[in-house]
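S.K.: Can you read through this structure? Questions will come right after.
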Amino acid sequence: MSYLQYQKSILTGLSVLGFYLVWGVMYRNGSFDLMLRAAWTATYEDGRYLSKSYTGIFAVDFPVQILVVFFDGLLGTSDPAPYLMLVELVATLLVINVMTLVEGSRVRAVKELRFPALWQYGWNCAGVAVFLPIWVLLYLGQGSAGNSELPLNVSTALPTTTLWLMASTTPLLLPALCGATPGQIHIGVICFFLTPPLYAIALRIGRFVVARGFSVRNPVEVSYKLAGVVSAVVHLLVLYRIFGGDENQGLSLGRVYVPDPSAVQSPAMLTEGALLFIQYDYVVTGVVIILLGMQLLSVEAKTSGWMSEIGVFVLLFVVAGPGAGLAYALFCKERRLGEGMIGKSKRV
């Protein structure tokens, strides 16, 4: 079995494991049932009420209520640990979403990768731990198609689209940070889940900006730099809040990052269940990023600089977070693709 085949087997196993860790564990500890009951009755375990209708269509309203109940457990609590873990995961997803947009836009990309908004809905609604291994499996399975060129009108608009992806997280994260009411937080959650289909608008804005002369060289590399820097800064700010905040509030690395199934108990079962969900999400995502990063660098880097690139990737992963590490690996891939294109043009 080749190294790539070995990785594919691991990724398949990780997707199954991820489903069990986020959904199976949530079902077993009772928080899944409590979440459904809260959505069905529009009443939280602490007696607070939830809006019963958003559109008047049950098939739409009930899934929305489930999402609102889940994220209320992370955003509507005085405990800062769930919020910090969510911020960390969202910052990592920023890089992942840029990656899915880039790779899904390649000329010879397989059809399953051509719908980045659907993939974003997949991990936003059902867990990164479930869908990211599947995405990476498809990406690695397409072979050289992953190195095909990007349409010019897409690549030039990518930096603007990356800025849009950053801005699209504010409805989810900003209200709770600013001390908004539960109702305002819930509206923010709903607005966040409306943003993925707006990729097309962001791309149009990007093309308009480029048409006005505001273009950059190597826009794909710039996009990965932007996403990687933001992800790294957010990761370091989370660490600062854990270790250097004025009010520690019982924070520690273990409390924020390490899954603790025994913590899922009343009266904070919804909060602890949701926190455990995204902690497992983050752990599995980190493992997938390591596998993908190593594969990208080992395939693309056949020169003597390979080990140094691996070293930088590992260092960034550990110090600046998995999002920064992934952004670096993707940046290296794009840089080598660009060098290959230049070499071909010179030979012609």
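From the backbone N, Cα and C atoms, a Cβ is placed for every residue, glycine too.
Any TrEMBL annotation is an automated prediction that lacks curation.
So TrEMBL lists the following for this protein:
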type     : residues : note
TRANSMEM : 6-27     : transmembrane segment
TRANSMEM : 54-71    : transmembrane segment
TRANSMEM : 83-102   : transmembrane segment
TRANSMEM : 123-141  : transmembrane segment
TRANSMEM : 161-180  : transmembrane segment
TRANSMEM : 187-210  : transmembrane segment
TRANSMEM : 222-243  : transmembrane segment
TRANSMEM : 274-298  : transmembrane segment
TRANSMEM : 310-331  : transmembrane segment
S.K.: Please identify the stretch among 6-27, 54-71, 83-102, 161-180, 222-243 with the greatest number of Cβ pairs below 8 Å relative to the transmembrane segment (310-331).
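M.R.: Counting Cβ pairs under 8 Å, the winner is 222-243.
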S.K.: Please give the sequence-distant neighbours of the transmembrane segment (274-298): residues at least 6 beyond its ends with Cβ less than 8 Å from one of its Cβ atoms.
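M.R.: For the transmembrane segment (274-298), the sequence-distant neighbours (Cβ-Cβ under 8 Å, at least 6 residues beyond its ends) are 3-4, 7, 10-11, 14, 17-18, 21-22, 25-26, 29, 31, 70-71, 73-74, 81-82, 85-86, 88-89, 92, 96, 127-129, 132-133, 136, 139-140, 257-261, 263-264, 306, 309-310, 313, 317, 322, 325-326, 328-330, 332-333.
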S.K.: In terms of Cβ proximity under 8 Å, which residues at least six beyond the ends of the transmembrane segment (161-180) contact it?
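M.R.: Those are 71, 75-76, 83, 86-87, 90, 94, 97-98, 101, 187-189, 191-192, 195-196, 198-199, 202-203, 205-206, 223, 226-227, 230, in sequence order.
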S.K.: Taking residues 6+ outside the transmembrane segment (222-243), which of them lie with a CB under 8 Å of any CB in it?
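M.R.: Apart from its flanks, the transmembrane segment (222-243) reaches 80, 84, 87-88, 91-92, 94-95, 98, 102, 158-159, 161-163, 165-166, 216, 251-253, 256, 316, 320-321, 323-324, 326-328, 330-331, 334.
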